[in-house]
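*Asks:* I'd like to ask you about the structure that follows.
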Amino acid sequence: MSRLWLIPILAGLILISLALGAASLSQDAGWLLMVSRIPRTLAALLAGAGLALAGVVVQQAVQNRLVEPSLTGTPEACMLGLLVVTLIAPGMAVAGKMLVAAASALVGMGGFLMLADRVPRQDPMLLPIVGLVYGGILGAVATWFAWSADLMQYLGIWMLGEFSGVMIGRYEWLWSVALLAGLLYVLADRITLLGLGQTQARALGLDYGQTRALGLVIVAALTALVLVTVGAFPFVGLVAPNLVSRWRGDNLRANLPVVALLGAMLVLGADVIGRVIRYPFEIPAATVFAVLGAGVFLWLLRKAAERAPHG
Amino acid sequence: MRKTFLGGLLALALAAPLAAQTVTIDTAIGPVPLAANPQKIAVFDIAALDTLTALGIDVAGVTDKVYLPSLAPVAAKAQVIGTLFEPDFEALVVMQPDLIIAGGRSSTQVAALSEIAPTIDMTIWGAGLLDQARARIAAYGLLFSAQEAAQGLTQTLEAKIAAARAAVAGKGNALILLTNGGKISAYGSQSRFGWLHTEIGLPEAVAGLDDETHGQSVSFEFVAEADPDWLVVVDRGAAIGAQAEAAVATLDNPLIARTAAAQNGRIIYLDATPLYIAGGGANAVMQTLDEIIAAFAAEVEG
């Protein structure tokens, strides 16, 4: 299927997003667009693309399509790191926070991989469940931390991704997503090989451990970037890659741009809907997305269950 | 209505000296009969502690944090009996208080606390905050036979309210914002900060905001579009002692800078603790009123 039909939809969404806001565009439209609308639109696009790409890498690394960063305890690990930073060094610069968040995301994902290597492969649903439990445990630790430090509402803000605070000067870190996406594109073939599993990937000459580690560093960085700037968006990394793989098969090099595009579209769409429902107030984009994403997740689970007996 | 009701109760109490052992006071869940003049009191609500302190009533037990600096001397003399959210039940059993006062954040614990000692829920919440504050002062006055102190306190409060009304009159409209970790929400006249509009007479820049606990999540564009004459800012982070992102940094952006409030230097950063943690406490309310008076009095009418 051609990917070109996505372009007009995306363009339409971008136009709506630019035209839509609590302030009227009648006077100083250019200024308002520069300061508020364009940054917000770009932030949604970049965050969506980044999360979708992170989903692809995780899925290849554990050879399971029903997994994505938010089902591997990664955001919870991120938050745990952020809480510790907030307690120890509340004044730390954003770059420092980002690094800590990425590092803790990496540790959290390492833990998940250790679990994943021990989970039987026959049932594809087992791994996401293990991931949910693992994320739940990390989340419980984070909640306990936040509770005892009176930081529960900070936790709430990180947990709920949204774009109401985005404007010029407050989203620029997300541009690194574009950089990481470029890096992923270069690595696309290797990451495809990852998806074949250790034995086959090795036989094809891939340095399996190194490639997997590199992929996961990218995922950790993507997750941390999005979490720190706009918050957590569950299911984006699951929905976008799965839909694309259903439409277009599994040529990763050809698919990566489409996955990124679809992720960007979905998150921007969720943000637009969240801005419209209670105009001029806002509903967090992550809430809108979670409702839609959960539906798609259930549908994918059912499909996976149907296919499981045939391998 | 409430005043006549309380007045009636007062008359009843005075007319029946033999029954003076029991008084019926107004609480958040309606009138409750209690033994008068309890001696050993445990308090799980900062607004209640604030008002009791203003009335000169000593307490035996307080939460681990009392948030308001003005309450530090009270806390120093009292025993710690848990946190606002989690009472230390063992300490309470050992302490054997005559009365436990809960409210707000501790109101969910009322049932559990009632097993240890008589517990009243003195929550002050939402719209009509000043009326509730007045009712609490009267109730404590009755309960602790401190009616004179209560009357004096009420008079001081009314004088402050009148002064604040005079200070804000004709100075333009205002939008109340709460900042929290880089994000903002707006509060309307039916919210817990709404008394600044309804009782002090500050016109609302945006009418019809809902009375959600944490305000209406809004964008900076919303504030720019509302373009209020005044921005009244409550920094939730500062209220709970977290300093991750100060309100000033959150509002330091081009959209806010364009509002009339910012251009005329009319952004008021209220001390968040008396409003957010001790909302409705007698001294806390007066502290906020003082801040309002100081900020608005500096402005010439027009």
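Cβ coordinates come from backbone N, Cα and C, glycine included.
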*Asks:* Pick from A:152-172, A:173-193: which range has transmembrane segment per TrEMBL?
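*Replies:* Per TrEMBL, the stretch marked transmembrane segment is A:173-193.
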*Asks:* Do any residues, 6 or more residues outside the transmembrane segment (A:125-145), come within under 8 Å Cβ-to-Cβ of it, and if so which ones?
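*Replies:* For the transmembrane segment (A:125-145), the list is 62, 64, 66-67, 70-77, 79-80, 83-84, 87, 108, 111-112, 115-116, 119, 151-152, 155, 301, 304-305, 308.
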*Asks:* Short question: most Cβ pairs under 8 Å with the transmembrane segment (A:173-193), which of A:42-62, A:74-92, A:98-116, A:256-277?
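*Replies:* So the stretch in question is A:42-62.
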*Asks:* So which of A:74-92, A:98-116, A:256-277 has the most C-beta pairs under 8 Å when paired with the transmembrane segment (A:42-62)?
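*Replies:* Looking only at A:74-92, A:98-116, A:256-277, the most contacts with the transmembrane segment (A:42-62) come from A:256-277.
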*Asks:* Could you pull out which residues elsewhere in the chain have a CB under 8 Å from any CB of the transmembrane segment (A:98-116), counting only those six or more residues past its ends?
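*Replies:* For the transmembrane segment (A:98-116), the far contacts come to 58, 61-62, 64, 69, 72-78, 80-82, 84-85, 92, 127, 130-131, 134, 138, 173, 212, 216-217, 219-221, 223-225, 227-228.
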